[in-house]
Structures are given as structure tokens and as C-alpha cells.
Amino acid sequence: MIRTVTRPRQWQRWVYSSCLLQRAVPPAAARQQPRFTTSHKANHFGYHQPIAPVTHAPITREDDFVLRSVFDYPQFWQDFTSVPGGIPVGLFRNSFLKEPRGMLTFAYVSLKKARAVVAKVLAASSVTEYRLIVRDLDRLSDILCRVLDMADFVRVTHPDPEIQQNASKAWESVYEYMNELNTMTGLHDQLATAMANPDVTVVWSEEEKTVAEVLKLDFTKSAVSLPQKYRDRFVQLSSEISAVGSAFVQEMAPEQETVVLPSSDLRGMDPVRARDLTRRGKVYLPTLSGEAVMALRTVHDADARKHIFYASRTASRRSVQMLEYLMRLRSELASLSGFESYGHLALRDRMMAKSPEAVDQFLRALVESNRPKAMQEMAELLAEKQKAYPQTNSLDPWDKDYYSDIIRRPLRVAGRQGDLLSSYFSLGVPLVGETWHPDVRRLDVVSDTDGHVAVLYCDLFTRPNKSPNPAHFTLRCSREIFASEMEEVWEQTQQSNQKSMFGSPELAATDGMTFSRHGDSIKQLPTIALVCDFPQPSKHGDQPALLSFLQLETLFHEMGHAIHSVLARTSFQTVAGTRCATDLAELPSTLMEFFAADAAVLGQFARHHETNEPLPYRMVAQKARQTRRFEALDTENQIVTAMFDQALHSPRAGEPGFDPTAIFHALQRTHSCAPPDPPGTSWPGFFGHLSGYGSVYYSYLFDRVLAQRVWDVVFKAGERRAALSRENGEKLKQSLLKWGGARDPWKCLAEALDDDRLAEGGEEAMALVGSWGSTKPR
């Protein structure tokens with residue numbers, strides 16, 4: 001019933017024209033380090049009082065200059081925040097988070113609130129009370145997710161170990177209670193009673209009805225309707241699946257930890273890297289390492305590459321056994337819940353595909369549309385091999401990376417200027433917003449029509465012990481809070497020792513965090529965090545943080561998720577922001593990668609950090625051509641992997657003799673143009689995505705196809721500056737992005753793409769999407 005927002009990449013004018021402070025006509029002189037001061041105070045705990053957000057968004061040259069400089073130059077930021085003033089507040093403005101144990105207090109108070117809501121739902125008996133059940137259950141979910149989502153973020157990103165530890169404890173206590181609720185028959189029965197009464201449902205909005213169906217499905221997946229002993233087994237299985245999945249990823253290992261070869265066999269590899277691995281004339285190459293990947297691309301000796309390939313594609317027997325055990329556990333869980341397979345269980349809820357059969361239609365159509373290009377690329381690789389071996393008529397599995405690297409090499413040389421792209425992408429240029437502190441820059445997102453609409457925290461720079469993986473975290477979803485709830489929370493506050501924490505019912509109902517007013521109700525604003533690992537700007541202030549083109553794409557990708565969270569400000573948090581169909585969640589972020597490479601978009605911000613010269617677009621075009629080389633073969637590999645994921649979560653997982661490795665090899669032979677893995681290898685033991693993305697791996701491909709289609713249809717593939725058209729952006733916003741999970745995603749797509757064939761979804765629609773293909777023309 002209750003779930004956290006999971007997503008284990010700068011605003012564009014088409015989203016909010018006012019959120020992008022557009023560059024005025026650039027001055028001829030180079031950019032200089034600015035000096036600017038304003039009122040701001042930071043305290044020792046890292047929490048701060050930002051300057052008051054504006055309710056409008058003027059687009060001025062001075063604002064553009066200031067906002068870029070806040071990110072580009074450390075000295076500017078020190079001046080910007082050095083003037084005393086303001087009252088220290090909690091982290092994210094949460095009034096509980098003013099000291100290290102604050103997260104524990106927040107969890108305790110939230111659990112108390114949650115229990116009160118549970119009691120209210122269980123006691124409902126009148127039509128009036130039943131009419132409020134969906135809103136009450138959504139509020140219950142929000143109370144718990146406020147803690148879970150925030151604690152999850154803090155425990156993996158905050159630099160203070162004590163705060164991390166307390167966040168972990170808070171998360172564990174609330175997560176345990178959430179699992180109790182998900183199998184609570186009373187809540188399920190009360191919801192079912194409400195949904196079955198026409199006098200109740202007649203007053204529900206369409207969004208409310210959607211939320212009710214989502215909650216009902218969540219209860220069904222938790223086996224809440226089963227007898228007690230089966231519910232107990234369900235909880236036991238769920239716990240074991242979680243533990244085995246984590247162990248599978250953490251303990252993943254190759255059968256052979258190190259490949260030992262004579263140093264003479266590694267001709268072609270970077271001699272410095274090879275020398276570092278050499279002892280007494282032998283090279284000791286770690287099997288799962290960057291050096292092994294490099295060797296497969298560069299070592300001339302085919303036998304040496306063969307040894308490395310076998311080792312890097314053969315997981316340990318224990319890893320494979322853990323995979324098999326995980327699949328059997330999931331199969332049992334699905335059977336216990338009344339589903340034919342785990343795939344049927346996983347795809348029924350919050351998925352566009354709805355069934356394994358529909359996914360199969362998509363993947364089969366996609367592999368067919370991709371095959372001609374993949375075969376062409378294989379022919380190019382074979383022709384390259386035949387230059388050295390004229391008599392050969394086939395490629396070995398360890399040839400693909402080697403010969404594709406040879407073909408790419410001239411592109412890399414021609415695009416050597418691509419290494420200079422970072423000179424045009426300083427971090428302060430793409431981002432817009434208001435304030436920050438040393439670890440987190442706080443940005444207020446302001447709309448020219450709706451005022452203050454979201455809060456965005458950017459933790460973008462590298463630091464010791466920080467995760468290198470880019471991520472988007474939803475710390476709090478949008479939700480509408482009515483006067484009756486505010487009065488209730490305010491009364492509870494007055495009766496407790498929290499009386500002095502909040503100055504109004506609105507602040508008490510939002511834990512002191514940011515909200516917007518809508519008549520008699522308020523909306524808690526989406527609060528989002530973006531985490532990256534970009535290089536720091538120069539401490540001397542002479543050079544801003546410079547991004548490679550890949551890092552720029554990453555930033556745009558993660559901001560795509562943030563855009564979705566900002567636009568989908570629904571009344572119910574259950575369907576807010578990225579809480580949409582799982583196989584739609586990557587569409588906005590993947591789409592943003594097209595904007596990152598668009599000439600008109602780059603022209604808005606990409607200038608040399610020293611000379612202020614605009615970016616020569618040919619440099620980006622060269623980089624894009626290099627990246628897309630052999631794209632079809634890469635896509636084919638992902639298709640086969642997605643098919644493998646579906647097969648693992650099919651009824652076959654519960655059959656005797658279930659053999660994941662044999663299934664994988666058979667799929668390669670049937671659907672791949674590339675040579676299949678040889679017998680004796682066991683790559684499935686390395687398929688770590690199975691832990692968190694079981695049965696939904698196809699989503700990456702699905703959203704890539706959809707993103708390409710949206711770019712081509714809605715934004716006219718960027719022709720005639722269509723990427724900067726507000727009209728185009730408004731269409732995507734109104735048809736798809738603003739709904740979150742509150743509307744049938746197929747109807748959203750049909751409206752966005754002006755294609756009625758998609759409106760009803762199903763297997764035919766999935767096959768149609770697959771037929772569009774996912775590779776871009778070169």
C-alpha cells in the first residue's frame with residue numbers, strides 16, 4: 001500500500017520559460033569573477049535560512065550573471081553568503097532536523113501521527129467517513145514517506161557519520177511499521193468497503209479513483225486477502241528475497257579472480273597500465289576491472305583476448321546458484337499471491353506493459369526493427385577483421401570490442417577537440433536558481449504562472465567518501481492539505497512539546513517545510529535532491545567547475561527526473577511526480593539527453609569559460625557520431641538481456657531443471673547477430689540489475705524508444721529551434737508530464753504524439769512502440 005519513491009538528470013524554456021534565466025546578448029569581453037553580497041546565514045550544522053523566494057521570475061542579464069557565478073566561483077559564493085542575518089532552520093527547512101538526533105525525533109513523531117490516521121481509518125463507519133478514506137490512506141503514506149525518503153537520502157549522502165547512523169535507525173523503524181501496514185487486513189477491508197459503495201465513490205475525483213485502484217493493487221500484491229499463515233509466509237519470503245538480492249549483488253564474483261598472461265601477450269594495451277600489473281614477466285589482470293575491459297579493446301593477440309573474455313564472462317558457481325535461488329523465491333512469492341509468474345505479479349502494478357506477453361511483443365518488434373542496422377555493423381566488423389585475416393568469414397565473441405575500437409579510433413582522432421568541450425560547460429552556466437551552502441546549493445523553482453513550485457537541492461561536487469553515482473532523490477512529494485487536516489495537526493502540536501516549533505497550522509502540517517497556498521488548502525511543494533560527482537571549481541577562483549560532455553548529459557538526464565517531479569504536482573502524493581508507471585519513469589530523463597546535444601539549446605549557455613566564445617557545434621556533432629558508432633549492436637545486446645530478464649521471471653523459474661545460463665545462451669543464438677557467448681561461460685551470475693529491476697529491465701529500452709519518438713514528433717527533432725518552443729513544451733507538459741501517475745499513461749502518450757493507436761495500450765501498442773526502433777540516424 002505504501003511505498004517510497006525509488007529511482008535506484010536545467011530547466012528548459014519549454015518547461016517554465018521563467019525558470020531559465022536566458023542569456024542576454026553576450027558581451028565581447030571574457031567573463032570575470034564577480035563580486036556580490038546579499039543576506040544569508042549558515043550555521044555549524046549545515047542548515048541554513050535562504051533568502052526569501054520571489055513570487056515572480058524576472059529574466060534579466062544581471063540575474064543570469066549572478067546565478068551562473070554562484071556555481072562557478074567559490075569566492076563569489078562566500079561573499080554571497082557572508083552577510084549575517086536570518087534564523088537558522090532545519091535541514092531542508094524541516095523543523096525537526098536542527099540537531100543530529102533530529103531524524104529520530106522526526107520518525108517518532110511521524111509514527112505517532114501515522115497510528116492516529118490508522119485508527120481513524122479503521123473506525124470509519126459512515127458514508128462521510130468512507131468518502132475520506134482514500135485521502136486518509138494517502139496522508140498515511142505521505143507521513144511515512146516523508147521520513148523514509150528523507151532518511152534514505154541523508155544516510156547515504158550526509159558527511160556526518162552520527163547523522164547518517166541516526167537516519168538509518170529512523171528509516172528502519174518506519175520501514176518496519178510500513179511493512180506491518182501493508183499486510184493489515186483492516187485497512188484493506190475498509191478500502192474495499194469504500195470502493196464498493198456508490199454513495200462514497202460518486203464524490204471522488206478521477207485522481208482519487210486512480211489512487212484507490214493503486215492502493216487496492218498494492219494490498220493485493222501484499223497477499224492481504226490470504227489466511228494468516230500464508231501472509232506470514234509472504235512476509236518471510238519478501239524478507240528473504242530482499243536479503244538474497246542484496247547478497248547476490250554484494251558477493252558477485254568471477255570464477256577466476258585474476259587472468260595471468262605473459263607480458264608479451266598484451267601488445268597493444270597501454271604500456272603504463274600493463275607495466276603496473278606486471279610481476280616477473282607475467283601480467284596479473286583482475287578479471288572484473290577497467291584494465292580487463294581495456295585489454296579486450298586493445299590487445300592484438302586473439303588468444304590473450306579469448307582468455308580474458310572467458311574469465312570476464314564466467315561468474316562463480318556460487319553467484320549463479322544465488323541467482324537461481326533468488327528466481328525460485330520470487331516464483332514462490334508470485335504463486336502465493338495468486339499470479340502465474342513473478343513477471344505477471346511485477347508487471348500488473350504501475351506498468352504500461354501490464355503483462356509479460358505485452359513486453360514480449362515490444363521486444364520482438366524492437367529486435368526486428370533493429371536487426372538491419374545491427375547486421376550492417378557486424379559486416380563492418382568482419383570486414384575490418386578480414387584486413388588482417390583475409391580467409392576468415394566469422395567473428396569470435398572476443399573480436400567485437402577489439403575491431404569496433406579500431407574502427408572508432410579515427411573518429412576519436414578527428415574528434416580530439418571533443419576533449420576541449422569541457423571548456424564550454426562550466427557548472428554555473430546550465431543551472432538556474434537561488435542559494436546554496438558548501439555541500440548543497442538550494443534552488444527555488446519559480447513559475448511565471450504558478451509562483452514558487454518546487455525546491456531543488458544540488459549536491460553536485462565531489463568530496464571524500466561520496467558516492468560517485470549520479471542520482472535524483474525525491475525528498476518529499478506534492479500533496480494537497482486541507483484546512484481540516486491543518487487544524488488537526490495544529491491541535492496535536494499545541495498539546496505536545498512541539499508548541500514552539502511551528503508558528504502556524506500550515507507550518508505544523510508541513511513539518512516547517514515549503515508550501516504554496518491554494519484557497520483554503522495548501523500544497524506541500526516537491527522537494528528534490530540531485531547528487532553528482534563533478535569536479536570542484538578552482539579554490540583560487542580562476543576557473544569554474546568544468547564538465548565533460550558526458551557529465552553534461554548526466555546533469556541533463558538527472559534534471560529530467562527533477563522536471564517530472566516539479567511538473568506533476570498532484571493532490572495525492574501516491575501519484576505525484578515520478579510515481580508513475582515504472583516503464584515511463586525514464587522517459588523525461590532520457591528525453592533531456594536530446595536537449596543536451598541540441599544546437600539551439602547549447603546556444604543558450606555553452607560558452608568558453610575564459611573567452612566567452614560560443615561553442616562550435618561541430619565539436620558536439622563529432623562527439624555524438626563517436627558515441628553512436630555501433631549503437632545497434634549495443635541495443636541488440638540490451639534487447640537480449642531484457643528477454644533474458646523476462647524468461648527468468650516466467651513460469652520456467654519454478655520448473656525442475658531451471659538453468660539460467662542455458663536460457664541466456666539460447667536467447668543469444670536466436671536473437672543476436674553478434675557471436676554468442678561460448679559454452680562454459682556463465683554471464684548471468686553478473687546480472688546485478690536483477691536485484692532491483694526484476695522483470696522490468698526492458699523499461700530502459702522502452703523509454704529510449706519513446707524519448708526518440710517524442711523528440712522527433714513533439715520537438716521536430718530540434719529543427720528550426722523547435723527545442724526552444726514553449727508551445728511544444730507546453731504540449732508535452734499538459735498531455736503527459738503534469739499528470740504523474742494520475743492518468744492512464746497510454747492516453748497521455750497518445751495525446752502527446754497525436755497517435756490514437758496508443759490510447760488503449762495492450763500488446764498491439766507495445767508492438768507498435770517496438771517497431772519504431774531506438775537507434776538514431778547518423
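Numbering starts at 1 and runs along the chain as it is shown here.
Using N, Cα and C of the backbone, Cβ positions are placed for all residues, glycine too.
Now, the feature entries from Swiss-Prot:
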ACT_SITE  Glu558  active site
BINDING   His557, His561, His564  Zn(2+) binding site
TRANSIT   1-37  transit peptide
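In the structure as shown, the Cβ atom of His557 (Zn(2+) binding site) sits within 10 Å of 20 other Cβ atoms. Cα separation, His564 (Zn(2+) binding site) to Glu558 (active site), rounded: 10 Å. A sphere of 10 angstroms centred on the C-beta of His561 (Zn(2+) binding site) encloses 24 other C-beta atoms. For Glu558 (active site), the Cβ neighbour count at a 10 Å cut-off comes to 25, with all displayed protein chains included.
Neighbour density for His564 (Zn(2+) binding site): within 10 A of its CB lie 31 other CB atoms from the protein chains shown.
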